[in-house]
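A.B. asks: According to Swiss-Prot, the feature L-glutamate binding site maps to Arg42. The pyridoxal 5'-phosphate binding site annotation in Swiss-Prot covers Trp105, Thr155, Asp175, Gln198, Asn240, Thr241 and rests on sequence analysis. The N6-(pyridoxal phosphate)lysine annotation in Swiss-Prot covers Lys199 and rests on sequence analysis.
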Amino acid sequence: MKRVFNFSPGPAAIPQEVIQQAADEMANWRGCGLSVMEMSHRGREFTEILATTKDDLRSLMSIPDNYKILLMQGGAIAENAIVPMNLVGMKPQPATIDFVNTGHWSIKSIEEARKYANVNVAASSEDQNFTYVPARDTWKLTPDAAYVHVCTNETIGGVEFDFTPDVGNVPLVADMSSNILSREIDVSRYAVIYAGAQKNIGPAGLTIVIVRDDMLGHALPICPSAFDWKLVAEHDSMFNTPPTYPIYIAGLTFQWMKRQGGVAAMEKVNIAKAKLLYDYLDSTDFYVNNVPAANRSRMNVPFFLRDASLNTKFLTEAGQNDLVQLKGHSSVGGMRASIYNAMPIEGVQALVDFMKAFEKKYG
């Protein structure tokens, strides 16, 4: 069976072992005579899948007992509305939300939050085209803010937080859609973590929300019941029918990660993959990456050919070498290699080898 190296930013590569196991179990999950896709979400079989998936995620991330794991729908885009609808009610209205703006996805969160609260952009890297993370001592926070929001990895700009910010007693909320499970973090430093699944966890359609217990029960009256975290938690993520098959694939991915050695092992490999690609980019003038080393993303590596007229040739010839989905986002152009957990280091080496050959041919 032919497989290519898929550098898509999302939906992204899924571990080959996971795809093979899902294929083997497609028509008959563990001898029950059913595909997971046709199981009742309240049946014994899926209840087992759901419980195991949540337990494995809790184990992988060392999630404390006073946090709920919610398996929802709508992606991080929906959570941009769901988060404020669940949290601004903790403060007298109109509440204020503090944001750190590091790029495209931060801006999406800011724009949506304005519908529900006052927004204070406490820090921004727009002055340098979103190529860095503002130092914590430059943030101008609101003392009584409902929460502080950060996007820990910007997929388009290739910028990633390399620290967990101290925001005092104000709840810290993080969109970790593109770097969840890629590096070790202390979950207890965050009040809420949310992530679309389609980058490091599984197929599109599932959203992970990790929420501290004291953040529950504050939903605004306008919040739809299906988006009220307290109700979702009370119904064990089954207030409405959950995305059963994406949950199943997420569970297989978590089991795969445990076999690899957990998040610590993933982080070690991710550091090696990123170093391999960035070291080459820094060694040549043929390609360029504009992000300072301290803020470079381990997950998404944007780069540009100095001669942009070669872009189409680069993508075409990369595809001929089984290296796909390397086109940069339309807002910035160039190229982008997304090297999430499922991308083996062999894929990054193949990309670097191709880039060297392409430079030799056209440089």
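For all residues, glycine too, the Cβ spot is worked out from N, Cα and C.
Describe the structural context of these features.
C.D. replies: Its own atom aside, the Cβ of Arg42 (L-glutamate binding site) has 10 Cβ atoms within 10 angstroms in the protein chains shown.
A coil conformation is recorded for Thr241 (pyridoxal 5'-phosphate binding site) in the three-state DSSP classification, outside any helix or strand.
In sequence order, Pro9, Gly10, Pro11, Ala12, Thr155, Ser177, Ser178, Ile180, Met299, Ser338, Tyr340 are the residues near Lys199 (N6-(pyridoxal phosphate)lysine), counting only same-chain partners six or more apart with C-beta under 8 A.
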A.B. asks: Among the binding-site residues listed here (Thr155, Asn240, Thr241), identify the one with the smallest other-Cβ count within 10 Å.
C.D. replies: Thr241
A.B. asks: Note down the number of other Cβ atoms within 10 Å of the Cβ of Trp105 (pyridoxal 5'-phosphate binding site), including every protein chain shown.
C.D. replies: 22
A.B. asks: Specify the secondary structure state of Trp105 (pyridoxal 5'-phosphate binding site) as given by DSSP, simplified to three classes.
C.D. replies: helix
A.B. asks: Rounded to the nearest Å, what's the C-alpha distance separating Trp105 (pyridoxal 5'-phosphate binding site) and Arg42 (L-glutamate binding site)? Just drop the number here, would you?
C.D. replies: 35
A.B. asks: May I ask for the distance between Thr241 (pyridoxal 5'-phosphate binding site) and Arg42 (L-glutamate binding site), taken between their Cα atoms and rounded to an integer number of Å?
C.D. replies: 9
A.B. asks: For Gln198 (pyridoxal 5'-phosphate binding site), list the number of other Cβ atoms lying within 10 Å of its Cβ atom.
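C.D. replies: Within a 10 Å radius of the Cβ of Gln198 (pyridoxal 5'-phosphate binding site) lie 24 other Cβ atoms.
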A.B. asks: Specify the secondary structure state of Gln198 (pyridoxal 5'-phosphate binding site) as given by DSSP, simplified to three classes.
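C.D. replies: In the DSSP reduction, Gln198 (pyridoxal 5'-phosphate binding site) maps to coil.
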